[in-house]
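*Asks:* Quick one: the structure is below, and I'll ask about it shortly.
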Amino acid sequence: MFITFEGGEGCGKTTQLTLLGDWLEKRCHRVVRTREPGGTALGRSLRGLLLDARSEITPTAELLLYATDRAEHLARVVRPALASGAAVLCDRFSDSTVAYQGYGRGLDLGLIERLNAIATGGLLPDLTFWLKLDPQAGLVRRLASNGNTPDRIEAETLAFHQRVHMGFAALANRYPGRIRPVDAGLSVEATAEQIRSAVDVFLNENQSKLEK
């Protein structure tokens, strides 16, 4: 089972991933928690470069760096974990590239789709939770949590983050079976309950397939 968490800045993805992982482990599932960028040694180096506020990276170079991280991450972490029978929970995946580099940066969506297909080998998540939050509220929340020191992406204009939000909305409309919008403006527990409920339904409906 492969579950990804998506959303804009400050939406609470990491918190919700941790809570779902804890819940699954209590139900006797083996869980691998990971993230993009940064799920491998190479990914951690790329993450530092991509998020460093001092980095000057062109949109196309940024896109290719994220694809590099994803290809390495799939080969070294995600696919081996899935093959071993673990549930993989990932903080950001290919949808973020569409939203940030496609809608946010304005790069060609067809190019991004082809690049994602190469990096992932066609692998898609079983479920994706889009933690839906007003971009301005998310930025305020995020900056309050990191000492008002934004990284390179957080420092982008509000208009950029609004375009990213539109990108996630477009993806949710395109893939309603996979992408589940979740109200991230609720309390942490209320948001977690929405996610647990959706995963519970998915597990009940797909138990036989997951056991193969």
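Heads up, the Cβ atoms here are built off N, Cα and C, so glycines get one too.
Straight out of Swiss-Prot:
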type: BINDING; residues: GLY7, GLY8, GLU9, GLY10, CYS11, GLY12, LYS13, THR14; note: ATP binding site
*Asks:* Long-range same-chain neighbours of GLY12 (ATP binding site), Cβ under 8 Å, sequence gap at least 6?
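*Replies:* Long-range Cβ contacts: LEU131, LEU133, ALA184, VAL188, THR191.
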*Asks:* Please work out the number of neighbouring Cβ atoms within 10 Å of the Cβ of GLY7 (ATP binding site), leaving out its own Cβ.
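*Replies:* A count of 27.
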*Asks:* Among the binding-site residues GLY8, GLU9, GLY10, CYS11, THR14, which residue has its Cβ surrounded by the fewest other Cβ atoms within 10 Å?
*Replies:* THR14
*Asks:* Starting from the ATP site formed by GLY7, GLY8, GLU9, GLY10, CYS11, GLY12, LYS13, THR14, give every other residue of that chain whose CB sits within 8 Å of the mean position of their CB atoms, in sequence order.
*Replies:* LEU131, LEU133, GLY138, ARG142, ALA184
*Asks:* Using a 10 Å radius around its CB, how many other CB atoms surround LYS13 (ATP binding site)?
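*Replies:* Other Cβ atoms found within 10 Å: 23.
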*Asks:* In DSSP terms, helix, strand or coil for THR14 (ATP binding site)?
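*Replies:* The residue in question, THR14 (ATP binding site), is helix (DSSP, three-state).
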